[in-house]
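*Asks:* Copying in the features that TrEMBL gives for the protein in this structure:
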type: TRANSMEM; residues: 59-84; note: transmembrane segment
type: DOMAIN; residues: 72-348; note: domain 'G-protein coupled receptors family 1 profile'
type: TRANSMEM; residues: 90-110; note: transmembrane segment
type: TRANSMEM; residues: 150-166; note: transmembrane segment
type: TRANSMEM; residues: 178-198; note: transmembrane segment
type: TRANSMEM; residues: 233-252; note: transmembrane segment
type: TRANSMEM; residues: 282-302; note: transmembrane segment
type: TRANSMEM; residues: 334-351; note: transmembrane segment
type: REGION; residues: 400-425; note: region 'Disordered'
Amino acid sequence: MSVSSEQEETYLPPEPEPDQGALLNISQSPHGLYADPYYVCVHQLTSGPEMEAGHYIRLIVFPLLLLCGIVGNLLAFPVLYSIGRSAWSTVWYLMLLALTDLVILLVRCGDTWYSEVMEESLSAMITGSSDAACKTYTFAFMFIKHLSPWLLVAVAVEMTIASRWPRRTYVMCSLERARNVVMLLTILVVCLDINHFWTWSKPQPEVGCMYTEEFSQSFMAWYWPVLDNMTELFLPLVLVSACFFLTATAMIRRTAAEEKAVATEMSKYFLELPTLCDFRTICLVLCLVFMCLATFTATLNITDFLFMRGFFKLDCKAVDRFSNTITLLKTLDMTFTFAFYSFKIFLYLAMSKTFRARLHSGFFSALRGVRSGCCGGGFCRFWCGYDVCAECRPGRREWTPVPSTSAGGSGEEGLRPSSSNQGITEEELGDSFMNQANGRHPSEELTGGVASVKRLEGTTTIHAGNNVEQMERLDMDYIGTNV
């Protein structure tokens, strides 16, 4: 049957009767690029139990994952940065992964949940605000999405070096080399995604951000999905899997005597060798989880790619059931991926003693800093509910220096309890002894007469002053220096 050129623009394939059950020739799609079963069977698609289950998952589970991911990655970032500088450069990649995970959670998980609640997309609002926002936002998100798996590839490579060739770890796994690797990955990913600046735009004010390169529609329909999946899934999956099996076989075949000899030699170059061993195991677990998730995602994407391009000959009822199942599986895939981004901090806490110790010390140092800033800035009413900072901690005994009673005495100042608001408290006095026990140099002087711990002929003397805030600040500086 011949159709005129004017009719071809508005021609729609005839709707098949529901009772026919005939196989559809999905290649009739008017798009002319690839088959679209959703277009042909749009009148048949219904919302089944799969769609309802996916809706409740996105509505209830996603905000919990988002909250956990924000808190966990923000807490893990400074601790991983500290460990990466002092223990093992591979932890520096994990620090960057915490940043990329946080951005992906905010953009994808947060936007998906917002769309379920408000029935509008924040990303669509941002990209539709202007042509510059459309190009920049699309490029930035694709850049971070493609960079994230390659950071895990870098982690897997250094994990393999530390396990299979441990004597080369000191040379090959350095912080300078890690920075160079990140720079190289950044340049390569930018070259891959730079096309978004001229292929995506907002052509008209009433139209949203869309792909507008009319001379390369086949690239967007066929080649870009393949290139996107190769960059984000297939190549990282192959490389991480290879590194995982090399590492696992090396760790299994090594005897206890060989492990002890290697540890003895590596202890000459690494001051925190137990931390390196802990994070080597953490990296192994992360690679295993990534392999499972990437395999599931790759299988799902290949199935959806073939289905959308007409490789499956299905009737409309089968298309309805199949499309609902694919939608539910995509929701589950997003849930597992977001959980992987959010729950890494629990793996760090469970398997690394150093991470727990530094997170603990950093948290309480920050808490003391908040309290010190509260009293120093006059925010006692907000923080403690009192007008006078000395009343922030009611019911606690305070101490003031008592001068020596005789000129021929030992020359030491005594400490006696006093009801005055000046001086230091019992807890702050205990902190001074704890700082000395934790390695503070005995001859360290704290300016301003705050507190000084001296060891004079086997006698420990403590001079207490009235500048409590300065002593707490110096304690925090000491903890931060040792961290």
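Just so you know, glycine gets a Cβ as well, placed from its N, Cα and C.
Here the structure is a predicted model, which means the values were calculated and not measured.
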*Asks:* Considering pairs 6 or more residues apart, do the transmembrane segment (178-198) and the transmembrane segment (334-351) have at least three CB pairs under 8 Å?
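*Replies:* By the criterion, they do not touch.
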*Asks:* Ranking 233-252, 282-302, 334-351 by Cβ pairs under 8 Å to the transmembrane segment (59-84), which is first?
*Replies:* 334-351
*Asks:* So if I exclude everything within five residues of the ends of the transmembrane segment (233-252), which remaining residues of that chain have a CB under 8 angstroms from its CBs? That is, six or more out.
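*Replies:* Contacts of the transmembrane segment (233-252) (Cβ under 8 Å, skipping residues fewer than 6 from its ends): 149-150, 152-153, 156-157, 159-160, 163-164, 284, 287-288, 290-291, 294-295, 297-298, 301.
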